[in-house]
Amino acid sequence: MNKSTSSLDYIEKLPLPAEQAEVLREKLPQAAWNDQAVLHQALSEGSQPEGNQVNVQAEDDVALHSVQARLEMAWADGLDNGKQLGTDREGRAALKAMPVITRASMFPDVWRTNPLIRWWESLLGRTVPPRPHYSPEEKISENRWRLVGTIRRYILLALTLFQTAIATWYMKTILPYQGWALIDPFEMAGQPWTRSLMQLLPYVLQSGILVLFAVLFCWVSAGFWTALMGFLQLLIGRDKYSISSTTVGDEALNPEHRTALIMPICNEDVERVFAGLRATYESVEATGNLEHFDIYVLSDSNDPDICVAEQKAWMELCRDVGGAGRIFYRRRRRRVKRKSGNIDDFCRRWGNQYSYMVILDADSVMSGECLTSLVRLMEANPNAGIIQSSPKASGMDTLYARCQQFATRVYGPLFTAGLHFWQLGESHYWGHNAIIRVKPFIEHCALAPLPGEGSFAGAILSHDFVEAALMRRAGWGVWIAYDLPGSYEELPPNLLDELKRDRRWCHGNLMNFRLFLVKGMHPVHRAVFLTGVMSYLSAPLWFMFLVLSTALQVVHTLMEPQYFLQPRQLFPVWPQWRPELAIALFSTTLVLLFLPKLLSVILVWAKGAKEYGGAFRVFLSLLLEMLFSVLLAPVRMLFHTVFVVSAFLGWSVQWNSPQRDDDATPWSEAFVRHGSQLILGLVWAIGMAWLDLRFLWWLSPIVFSLILSPVVSVYSSRAALGLGCKRAKLLLIPEEFNPPRELVATDEYCRLNHQRRLDDGFMQAVFDPSVNALASAMATARHRFSRAIEDVREQNVREALNRKPEEVSNNQRLALLSDPVTISRMHYHVWQKPEAYAAWVEFYQKLPAPHIKS
């Protein structure tokens, strides 16, 4: 970039055919080759409507004149013949990235978690019953399935408690110290307290073991019966109460009921996000029902480079599919309440323009048939508030992700169908790949912060379970369409990335349990809060169970036994050990844990195993996944234990988006994260080997998994091993054997997007004419003239340019990007006076040119 020919260099950066570029050069007198004002005036000729000139407040605002012209040069096909371009009140060019706002009121109710206050208010008649929103016929239908659901859940409770009672009794009989025969209270009264403590210690340990065993076995038992009923449901193939059976599947969509597909994102993989979005859009278009849908990308990204890359990817998507006026993009400047706040903001501004909304995750892909089916189900069931699809995991290559994909694809349908069997219309909502009725969501599902102070107060982290509970509290059904195909998601590529996500989920579920006693919550959703807590609390309970079992073994081995407790006692009192009952209980527990997996494979065999690699390979995959789960279970146990403890201690939880792409774990990070587990495993194993080698064999699956945790974490994160399994047709899933067109298209568009990806987006927005025009037209801080605002703008631009680019903070960059005036002034200065800002020019010249296709 040369000062004397800066305008000519600028023209070379414009995406113009050679002939048009030459015409533009000829327009400029040689004396004006270094005058950016003349260049931008020449560019803007004919692009600004008469009487609609930019209100220029300073000499360096001249780049604002040519924003529209530069946009039309770069993305003319994405502007819908100029219909997507407009101007703000100061005449500056602005892209219509979002529709006109039609505000709706959405405010939360204060949480009332004190049961005594609730009881007092009920005595005063202050309880508000759910508003009736359905006809008498619909009420009869709902009462029918609610009665069936209640009966089923009582059966589940009875089966679980009965099974747990028997197992706990067995556990009691196999523990060595039966009854209190070895304790003589009168003797203990006259002996030192330390001796009494040693006599009581085995019984205290046994009691703790028994309580923990009962809780953990009850948790395992509930999962077993859920999977078993799901197996029977899928094997029979008919479900009288399946919500999917309420439509034929070819009904015309009601034109009065429009649907918004909304995708909240935050610092995600831009190329993958917009590839999946394009595949979903084209699939909807192929159904012939595109006019019923709009798409919203709702960004909470705070990385300036990613923000600019999102804007460019959105514009390219609109151009590629002709989606102008149907695909919208918004980036929030005030990130309030994370994802739930982002959705709430959409509902307040544009929600009342739609009857339904479908929530998508950044890695979600949905077929047009699935989306139109969800809309038909909503129209056929006017008392349904949320219908959750069952997303299938796919698209990953690492060994870890492929094991998880296989597990969720093979075992997941059993548990999802089982959940539906027990819950019916009072079910789960997982926060994505689900359709929501917008009006009741606005009226009932705004989330107030939890009252109080500490780590369990403030904004709700895991909003999905709470929103489902509030929807049901208002009288609307929450269903799982477990048998609806065409819904897909991706999983974290390695163990450490999954655990980052689990830490946030753990904290969120523990927070949600504060709502267990909130007024009006349905018992099923109180149980959902409880199961959410147990998903993570079971880890420290299991760890405590192992610690107490180890301590009991230490006491039993090292403490000198007393067989004669009284003078002249004829027969000794022996501690009891019944190995046959121990083996029976151990075998029963293994059956509860692994039978659902075997039933899943039996179901695959019954339905056809070809898409899983064949009957033999699917069985080998089962064994491989079981080995993998055995190795990882103790590792997750310790991590989840730390998460639970840290949540109670108030340690902060960062809002980090999970990694969405294949990513190998380096050895250094593995030893940092798993080093303490390796040491614990070694100490535990050596101690048990010295104490009693027989007990080490029982403990070996735990301790050796901990010792091997760094190795397993690293090698399972390798894509080479995962792809090797894929070539051997191991851990194969139907989406790989016969890929749906949506997933094929997603991979294709992902490769295309990577070819034209935008790196260092902020620097490109400062220098590149096309990217700068886009950033300026999409900036949202469009203030009227004010001297105070002008002073702030001048200060922001001056401070940024007087530093090196790498010294400008993210917050400063975001402030510059958010104002069309400041980003245009930056653009003008670096081109008008390149010698004054050599550090910026030098940085920019090292960057690859952005891919701009006119």
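Note that Cβ sites are derived from N, Cα and C of the backbone, with glycine treated the same way.
Taken verbatim from Swiss-Prot:
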TRANSMEM  155-175  transmembrane segment
TRANSMEM  209-229  transmembrane segment
TRANSMEM  528-548  transmembrane segment
TRANSMEM  583-603  transmembrane segment
TRANSMEM  619-639  transmembrane segment
TRANSMEM  671-691  transmembrane segment
TRANSMEM  695-715  transmembrane segment
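With a cut-off of 8 Å on Cβ pairs spaced 6 or more residues apart, the transmembrane segment (619-639) and the transmembrane segment (695-715) reach 3 or more such pairs and are scored as touching. Two recorded stretches are said to be in contact when at least 3 C-beta pairs lie under 8 angstroms, sequence spacing 6 or more; the transmembrane segment (209-229) and the transmembrane segment (583-603) meet this definition.
Recorded stretches compared: 528-548, 583-603, 671-691, 695-715; the one with the most Cβ pairs under 8 Å to the transmembrane segment (155-175) is 583-603. Long-range contacts of the transmembrane segment (695-715) within the same chain, counting only residues at least 6 positions beyond its ends with a Cβ under 8 Å from a Cβ of the stretch, are 399, 494-496, 546, 550, 553, 630-635, 638, 664-667, 670-671, 673-675, 677-678, 680-682, 684-685, 688-689, 721. Counting residues 6+ beyond its ends, the transmembrane segment (528-548) has Cβ neighbours under 8 Å at 205, 208-209, 212-213, 215-216, 219, 222, 428, 462, 465, 468-469, 502, 505-506, 509-510, 512-513, 515-516, 636-641, 643-645, 699, 702 in the same chain.
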